[in-house]
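Asks: Before I ask anything, here is the structure I am working with.
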Amino acid sequence: MKRKILSITLVTALLFVLAACGSASKDSDGKASTDGSKKVTLKIIHWQQENINNYIKEFNTKFEAKYPDVKVEYTTVPADATYDQLMQTRMNAGTTGDVDIIPLKSSFVGAPQDWSKGAADPMWKQWIDAGLISDLSGQAFIKNYNEVDVQNAMTYNDKVYGVNMGKVAFTGLFYNKDLFAKYNLQVPATWDELQNVIKVFKDNGVEALGFAGKDVWPIGLAVQGLQASIHDDQLSYIKGLWTGQTKLTDPVQIEVLQKAQTLMNSAMPGFMGIDYGTLPSLFATGKVAMIADGTWDATTIQAANPELKFGYFPIPGSNDAAKNKDLAGKYDMTWMVVDKSPNKDYAMKWLEMLSEKDNYTDFVNAAGFLPTQPDVEIKSEFIKDIQPYLENFKLSWDQLFINRQNVGQYIAESSVHAEMLKPAGPIAAPEELASKSQADWDAAAPK
Amino acid sequence: MYPFGKGKARLIPYLYLSIPLLLYVVFGFGPSLVTVLFSFTDATGVRGQEWSFVGFENYKTFFGASNAGDRLDAIGRSLYFAFAVVIIQNAVGLFMAILINKKLRGDKLYRAVFFLPVVLGVTVSGLIWQLVANPLGGPAQSILNFFGTSSNFFGDYNIAFELIIFVQIWMYMGYSMTIFLAGLQTIPNDLYEAGYMDGASGWKAFTNITFPMIAPSFTVNMLLSIIGALQTFDIIYVLTGGKFNTTTLAFDVYATAFGTGTADYGLASAVAMIQFLFVFTISMVALFYLRKREVEV
């Protein structure tokens, strides 16, 4: 008898658990908010980037103070594929309101062009085409942003689908000003001058150059710097790859790979084992004189060592100083509102409040972005310092490049794989990597 | 006579069983079935976007697209991984089990220590070995420096995959050891005594008594490690993220579904199906031979 009672209790308990699962989803669809007693949960996902996360958390508190019936649920995950995966699963979760606001890692780039026959649609385009992203064209806060930036970074098919928070440059090197002064070095303006800087550091037993090789993509930042200064016109070269007028084995591209190899040969030992999170601290503690990283990490470096005097200059890939004077980069994070979200109104209010001049100014200063709103007062000495390099801001290679589908490993994803060259990888000659890349590119040509 | 009682009470076990069955159908069997279905479609995984049946198109893409070479490399790597892991993990596990079975002082401590990595979980194990192999002043680097050399460990095309194999073995050797230990403890001591009388001791006793007697644990261990090794994705993800030529077929499933930036669930499902057939075939062949061996002894 005792056993029977026990078993019946257990079964009932389990049924309750199952039933609870069923009813929980009802709560989260937000409809309960209409009676006023329950709070609306506004769900925002984001990738981990400490300085930005801290500001958004602060802003969320302000937002909750202004709208007392809203609770913001702010979820952050690592910036790698984990974030892409989170976006995908949340977007696909159905109409239960699993997410209301999603930031894209860049702006609306990568859509197939008329010259890129057979290229795959990027995720954001699939979402917009499927009607999952809200049209923000009519919103008043869009007018806060520069018209040209709205056009370049937030518009698709003549409608505004996102709010881009700013530009970042990443084709330069951070340098330690004290170390440069100690050895009487100037910021290098040409390739030969850069080689000289590296040589002076090496002769004095200072590690000259640091890469976060373990994550591979940070090496790509430097390579994109070389591309931006060695190529005369990256976009026409990329178009040429599709139409067959240019090849990945062209001398200009060989030069990029050769110089990337030279840079890796000058890098600190063990750079292929250093992950992206560690690199800024090595620089901040003076263990290495220059590192390849994006301008967004200036705040991280500053936080790691507030005493450090540092600057940033474009990687001089060319011996023609005029070709090296501009930084390249991208439009960084773009907020999108999920159209099926039951909390759409509050999502709009959230974006509206973030777009207010004061809040936006605080954001760009915390994030270290270059503003997409006019007349924003930049407090960062660092950004003021690099202003001359930003006057003719260029889009970087990865923002312009459109890849073919099912391409092999020598051209997949970031398309230029300098990390496969010695000393990082197994291939000795840049020419060999270039011809393997071109072979992969040709093999993937649409039939 | 009435193992489950009489009357309505008989139904209680079925009631109990129906709950895990329901959970399994909803969360296990159902999604698997949908994967089979998806593998014949061009579903993108984007909600609200239309999809249609495309027959074997995804399978053709797997074997015939321009990156099929990379995919075959991944299959080769899966086999290499499984082969190395199965042999070494079981050899080490058996060796440790035999040592621990010899009523040593502190054998319980040894058991706990060797089993610990199994309990730690993949992320923790991954972090431990990343710290050990930290190229900037990590202990492994210091040892190499002592011998006048250095390494990038998990960032090195030449050894990253072998290091992952090593970590995988380290993680699960305690598991194999425990199963072998259970098998060893079922062998009655009389057998060894009788064997000793017939002049079988040491290696002879091992090959003629121990090894045949633990055949069932051997089968279990071989199968578990074959399936486990062929499915390994997590430790690769933690240690290298599939970079530096460490992509296996199991990792390819993940990379196709989530890693490309463009959604293609159809192709990803097809890769998952191929992965399933791959693991299924190999483990069935292995099971056939292992069972045959068990029967013979």
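Glycine residues also receive a Cβ, built from the backbone N, Cα and C atoms like all the rest.
Computed from a predicted structure; not experimentally measured.
Per TrEMBL, the features are:
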type	residues	note
TRANSMEM	B:21-41	transmembrane segment
DOMAIN	B:75-286	domain 'ABC transmembrane type-1'
TRANSMEM	B:79-100	transmembrane segment
TRANSMEM	B:112-132	transmembrane segment
TRANSMEM	B:159-184	transmembrane segment
TRANSMEM	B:205-230	transmembrane segment
TRANSMEM	B:267-290	transmembrane segment
Asks: Could you check whether the transmembrane segment (B:205-230) and the transmembrane segment (B:112-132) come into contact, where contact means at least 3 Cβ pairs under 8 Å with the two residues of each pair 6 or more apart in sequence?
Replies: no
Asks: By Cβ distance under 8 Å, which residues at least 6 away from the ends of the transmembrane segment (B:159-184) in the same chain are close to it?
Replies: 77, 80-81, 84-85, 88-90, 92-94, 96-98, 100-101, 111, 114-118, 120, 122, 125-126, 129, 133, 151, 153, 210, 213-214, 216-218, 220-221, 224-225, 228-229, 232, 235-236, 239-240, 243-246
Asks: If we call contact 3 or more Cβ pairs under 8 Å (sequence gap 6 or more), are the transmembrane segment (B:21-41) and the transmembrane segment (B:112-132) touching?
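Replies: Since fewer than 3 Cβ pairs under 8 Å link them, the transmembrane segment (B:21-41) and the transmembrane segment (B:112-132) do not come into contact.
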Asks: Same chain only, please: residues at least 6 beyond the ends of the transmembrane segment (B:112-132) with a C-beta under 8 Å from a C-beta of the stretch. Say none if there are none.
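Replies: 96, 100, 138-140, 154, 163, 167, 170-175, 177-178, 234-235, 238-239.
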